[in-house]
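As written in TrEMBL, here are the features:
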type: REGION; residues: 1-29; note: region 'Disordered'
type: TRANSMEM; residues: 90-113; note: transmembrane segment
type: DOMAIN; residues: 96-267; note: domain 'Amino acid permease/ SLC12A'
type: TRANSMEM; residues: 125-148; note: transmembrane segment
type: TRANSMEM; residues: 169-190; note: transmembrane segment
type: TRANSMEM; residues: 225-242; note: transmembrane segment
type: TRANSMEM; residues: 249-267; note: transmembrane segment
type: TRANSMEM; residues: 388-408; note: transmembrane segment
type: DOMAIN; residues: 389-667; note: domain 'Amino acid permease/ SLC12A'
type: TRANSMEM; residues: 428-454; note: transmembrane segment
type: TRANSMEM; residues: 474-492; note: transmembrane segment
type: TRANSMEM; residues: 528-546; note: transmembrane segment
type: TRANSMEM; residues: 552-574; note: transmembrane segment
type: TRANSMEM; residues: 586-610; note: transmembrane segment
type: DOMAIN; residues: 797-1061; note: domain 'SLC12A transporter C-terminal'
Amino acid sequence: MSEQDYEESGPNPRDGVARESSPFINSAEMDRGNMYEGKNMALFEEEMDSNPMVSSLLNKLANYTNLTQGVVEHEADEDSKRKEVKVPRMGTFIGVYLPCLQNILGVILFLRLTWIVGTAGVLESFIIVFMCCACTMLTAISMSAIATNGVVPAGGSYYMISRSLGPEFGGAVGLCFYLGTTFAGAMYILGTIEILLTYISPSAAIFKAEEVGEETEAMLNNMRVYGTCIIILMAIVVFVGVKYVNKLALVFLACVILSIIAIYAGVVKTAFDPPDFPICLLGNRTLSKRSFDVCAKFTESNNETKTTTLWRLFCDSSLLNATCDDYFSLNNVTEIQGIPGIMSGVLADNLWSAYSEKGSIVEKKDQPSVAGSEDTKMGGLPYVFTDIMTYFTMLVGIYFPSVTGIMAGSNRSGDLKDAQKSIPTGTILAISTTSFIYLSCIVLFGACIEGVILRDKFGEAVNGNLVVGTLAWPSPWVIVIGSFFSTCGAGLQSLTGAPRLLQAIARDGIVPFIQVFGHGKANGEPTWALLLTAGICEIGILIASLDSVAPILSMFFLMCYMFVNLACAVQTLLRTPNWRPRFKYYHWTLSFLGMSLCLALMFICSWYYALIAMLIAGCIYKYIEYRGAEKEWGDGIRGLSLNAARYALLRVEDGPPHTKNWRPQLLVLLNLDSEQLVKHPRLLSFTSQLKAGKGLTIVGSVLQGIYLDKCTEAQKAEENVKALMGVEKTKGFCQIVVSPHFRDGISYLIQSAGLGGMKHNTVLMAWPQSWKQTENRFSWKNFVDTVRETTAAQQALLVAKNIDLFPTNQERFTEGNIDVWWIVHDGGMLMLLPFLLRQHKVWRKCKMRIFTVAQMDDNSIQMKKDLQMFLYHLRLNAEVEVVEMFENDISAFTYEKTLMMEQRSQMLKQMQLSKNEREREAQLIHDRNTASHSAPAVKASVAAAVPEKVQMTWTKEKFVAEKHKNKDSNVSGFKDIFNMKPEWGNLNQSNVRRMHTAVKLNGVVLNKSQHAQLVLLNMPGPPKNRKGDENYMEFLEVLTEGLDRVLLVRGSGREVITIYS
């Protein structure tokens, strides 16, 4: 079948997945009259419904347009509901380059980059920026490959990851990306407030520091109050008019570009006319100019020496003989230029790092200084203090958000004229531009600005000016106002984009608990998602510190980028046929390097945040795996699983597993009724109890007929079996075989089920209860042939008798025994099965008992000791009992059983009765056979309706009494009917001996194990002479009479349990 066949056939009834929108699907409403006019295509007439004409395919392809973001992607009637969408006309520059530029350049550049350069030094700052930019560049290359591999509907990174790595990864990373975007909104808002309260209007602060050292806390409280107000305001703006946000985007971008131009212009100006920003130093310590005006201890005017404000800050009075701070007395006050200019050679001083503890004073390294007494309190003195402890990895976490925003172009893929060309070109150009800006700014800041100013985060040494602003031309206010509006705009855009991303994930239906956020206003605006976004944003605002929020969103973005790289690497390495990106400049090694770099940066930024982010993503992944909707998106992880499975299968092909690794790999043979429903569901319950999800389980069944006629029934049967497997929690595969003969179908399954080394080694089936009924005269033949074929295939066989009495998975045995009757050793299966069963909750509280049979010449005491030692070495806990079976004469009862068995066999073979007569006579013999020893509790109605379910329960007393009964009455009954009673001496002596064994063993087993929860017995093999097959069934019936739950076990002939480690 062609690809179109599969597409057109609609949802696959087996997985319930709606088909994905595609331009290649032939519309059912298309007028077929003009599709094959004339006789040119008459040969293909009958296939036109599923295989479209090439002309109609190309016509649909030409008319295909992307849907805008927010439209439901998986709707069965999508084609009929699709509305006209105006042709997108955005090019690379407007559609990708500028949005990326605007999203990448932002708050960190203006508020923190100078401080990072001053703290880490030019060289280490260069390394930080280079690492982060390399990470985004490698991610952009991977993203370009994915984005150009076919049509990318709107949805950006979420769409790309989910369709490349599957719904579990897509949902997990999509939600991480959503959280990252939301926290980015919080960071931009915090940046906005910091600019407002620190640089534009410090008097607007609500909370003031009442005591020394409370400045930071007061600032954080101001952030919280103002941040909450701004979030409410922004949420209202987004709710009321999102179109105005998009229109203002260009204004905000203009602010950013003008600010950057002002910085470069300022740098050029410093070469010949540096700006005048003097810094006041006391010794080598930087002083905050917020508290004083004149940088001197005293001034002289009219030959009179007066102390300055600075003097009064360090001394207890304004008099010249006042007691002053030691350090103030010992060191001189000097004034240096804060921005000496690009030609000054200050770059050499700023090359190296100057990390410091929290609360330490910002000092100039090579300035002369005399140390004062150590016990002097620093609080209240006008020094510039560091507000947080600084180290390399922390700075990476704070800086990384300034390189995020590379997805802005791919998020607009629905609005681009040629997305496959624009996304790679625009994104890579934008990253190149911003990387150049960042790297050049680091060098220029280090070359133009004095180190103490760089390390002064809030510009206290330069009268509370923004440090970048001091460098800018024509005025610091260009940067202050520009950065204020750009951070405002970025915050608004985050609050606009994040709810749409959440809405897209919710509408995909893969995460059930967020589906409510898929709803919104009539025009599709995501109202509920906006509320949630504002709520999460408020968490970031309550943290209140820009330096604390930045690493959080770094984690989420890094995780998203890591999975974009992983998606590209997986698709490239798998070489899937559909992986044909138009963007050719990618390689799996680059993607792998990008992925490794993202992971490394996560742990460099903050190892505990990284672990928390991974835990969140892991929880979402597992939640989608267990509760989410099944989706088949042709993702790379599915392909990776197939490759891994193939590799593993080739590895295990070499030979049979070692005894230590042996576990039953089951082929479960089910019987289906006329409605293709499973006859004995408890067989699957028993399977899941025995397997507990480990190893291989193949559930097979046979439908009689021709496959062409029965294919729909086979599909229905497979659905029913899979549904029951789901209910019974049986993890495995289903295989339905259609065969003209039932017996051949079973043979095919035994021979060919499984693949390579993943083949079954054990067959589990139910005992054919109705084997004595003449309408099922072939059931016992099929059963015996199955026993023979499993032996020939060297496979173990488990036969569950009275399977409908076995427990369900919900039942719990609180007491009881699992009795093992170990008659002959055939590999140790009998020991292993109870151990496996007791791992399951149903059987956990049952005790294991092992019985073995001693003959006349056996030393039963020694046998018991040996068996206990054997079990000790096997590490199995079980009670051991040796049962002695004495040789005695064959009882009359045994002869009677053998006689009846042979009579029925002869009757069915020799007497050519009509079908009705045969049924009547066979039933009569069956009734006479069972009446003499059936349990009195069995109701007559049950016996008449379902004779195969009669339970022949025996007690020891009844058994003994029956053996001494007068047999003449029974014999005479048959004599009246047939007049052909053979003498006991004429009976087949082999059959008599076997019946004797069956009767004696049954008596012994009933005596010990009648009340056991489960009895496991060695299953004797079928006779080599096929003429005795029916007799074999009778022997097994007699052997297990009176027992509720029996598992007959026949080993494969190889050891399955070992005493060695």
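Backbone N, Cα and C atoms are what each Cβ position is placed from, and that goes for glycine too.
Averaged across the domain 'SLC12A transporter C-terminal' (797-1061), pLDDT for the predicted model comes to 68. Sequence-distant contacts of the transmembrane segment (225-242), counting only residues of its own chain at least 6 positions beyond either end whose CB sits under 8 Å from a CB of the stretch, comprise 186, 189-190, 192-193, 196-197, 206-207, 491-492, 495-496, 499, 525, 527, 530-531, 534, 537-538, 541-542, 544. Highest Cβ contact count with the transmembrane segment (428-454) among the listed stretches 388-408, 474-492, 586-610 falls to 388-408 (criterion: pairs under 8 Å). Below 8 angstroms of C-beta separation, residues 102-103, 105-107, 110-111, 184-185, 188-189, 191-192, 195-196, 199-200, 230, 234, 237-238, 245, 248-249, 251-253, 255-256, 258-259, 262-263, 265, 465-466, 468 of the same chain, each at least six residues beyond the ends of the transmembrane segment (474-492), sit close to that stretch. Cβ atoms under 8 Å from those of the transmembrane segment (586-610) belong to residues 131-132, 134-135, 138-139, 141-142, 144-145, 393-394, 396-397, 400, 551-552, 554-555, 558-559, 561-562, 565-566, 568-569, 572-573 of the same chain, restricted to positions at least 6 beyond its ends.
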